[in-house]
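> So Swiss-Prot has the following annotated:
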type: ACT_SITE; residues: Asp118; note: active site
type: BINDING; residues: Glu44, Asp69, Asp96, Asp118; note: S-adenosyl-L-methionine binding site
type: BINDING; residues: Lys122, Asp154, Thr191, Glu192, Tyr193, Glu194; note: substrate binding site
type: REGION; residues: 124-129; note: region 'Interaction with RNA'
Amino acid sequence: MRVRKRKGAQEYLENNPHYVILEPEAAKGRWCEVFGNDHPIHIEVGSGKGAFITGMALKNPEINYIGIDIQLSVLSYALDKVLASQAPNIRLLRVDGSSLTNYFDAGEIDMMYLNFSDPWPKSRHEKRRLTYKSFLDTYKQILPENGEIHFKTDNRGLFEYSLASFSQYGMTLKQVWLDLHASDYPDNVMTEYEARFAKKGQVIYRLEATF
């Protein structure tokens with residue numbers, strides 16, 4: 001879903017350099033210095049308006065979180081939530097998910113979240129899907145051995161594609177949920193999309209996979 005362009009979004013991000021890392025290339029290999037501790041670092045690629053990343057940071061203060069989104073206005077709405085939360089363990093990046101190795105060293109990230117990514121349903125756009133093999137190559141470089149990806153979507157086609165993509169890549173599927181909200185999974189933190197879909201009774205799919 002497209003988000004309306006937000007006036008002043010660029011200046012808003014630039015005026016909050018504590019939370020929005022404006023030169024992430026300079027932080028490569030030294031994210032522990034950015035956060036001021038050596039806690040594990042989890043990233044969400046495609047963080048949207050920030051409900052998930054903020055909720056996770058408040059729930060798990062012993063983990064550092066980085067929300068990543070390429071859309072300027074979207075990231076500005078995420079900043080709203082981060083500022084309101086005052087959580088010290090969140091940072092935001094406006095970068096593309098295909099270029100993560102420019103900003104993170106090998107094994108520097110402990111876990112990744114992909115939530116409600118664009119399904120890019122047309123076959124000619126397969127390479128744009130965040131679970132396509134070239135993206136998995138990138139993720140593998142910044143995660144440790146046996147690093148985890150947690151993935152959620154309402155799109156069955158993308159879910160089935162991702163199951164196959166992870167398996168073909170040689171990843172291990174730890175757990176799979178075919179109807180997350182009907183399960184007894186206790187630790188779910190919802191995104192904005194997910195909360196909207198849940199009200200409509202839509203099925204949410206989830207999986208956890210390791211390299």
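Placement of Cβ uses the backbone N, Cα and C atoms for every residue, glycine included.
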> Between Lys122 (substrate binding site) and Asp69 (S-adenosyl-L-methionine binding site), how far is it from one CA atom to the other, in Å?
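The separation of the Cα atoms works out to 22 Å.
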> For the C-alpha pair, I'd like the distance in angstrom between Tyr193 (substrate binding site) and Asp118 (active site), rounded off.
12
> Quick one: Cα separation, Asp96 (S-adenosyl-L-methionine binding site) versus the residue listed as 'active site', in Å?
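Answer for this pair: 13 Å between alpha carbons.
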> Three states by DSSP: which one describes Lys122 (substrate binding site)?
coil
> Restricting to the record's S-adenosyl-L-methionine-binding residues (Glu44, Asp69, Asp96, Asp118), give me the longest CA-CA distance in Å as a whole number.
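Across Glu44, Asp69, Asp96, Asp118, the two farthest Cα atoms sit 14 Å apart.
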> Whole-number Å only: compute the distance from the Cα of Thr191 (substrate binding site) to the Cα of Glu44 (S-adenosyl-L-methionine binding site).
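Just about 11 Å between their Cα atoms.
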> Quick one: largest C-alpha distance among Lys122, Asp154, Thr191, Glu192, Tyr193, Glu194, binding substrate per the record, in angstrom?
25
> Measuring Cα to Cα, how many Å separate Glu194 (substrate binding site) from Asp118 (active site)?
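So the alpha carbons of Glu194 (substrate binding site) and Asp118 (active site) sit roughly 14 Å from each other.
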> Long-range same-chain neighbours of the residue listed as 'active site', Cβ under 8 Å, sequence gap at least 6?
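Sequence-distant Cβ neighbours: Gly46, Arg128, Arg129, Leu130.
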> Pick from Asp96, Asp154, Glu194: which of these binding-site residues has the biggest number of other Cβ atoms within 10 Å of its Cβ?
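Max Cβ neighbours within 10 Å, all protein chains included: Glu194.
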> Which residues, in sequence order, are found in the same chain with Cβ within 8 Å of the centroid defined by the Cβ atoms of Glu44, Asp69, Asp96, Asp118 at the S-adenosyl-L-methionine site, excluding those residues themselves?
Val45, Gly46, Ser47, Gly48, Ile68, Ile70, Gln71, Gly97, Ser117, Leu130
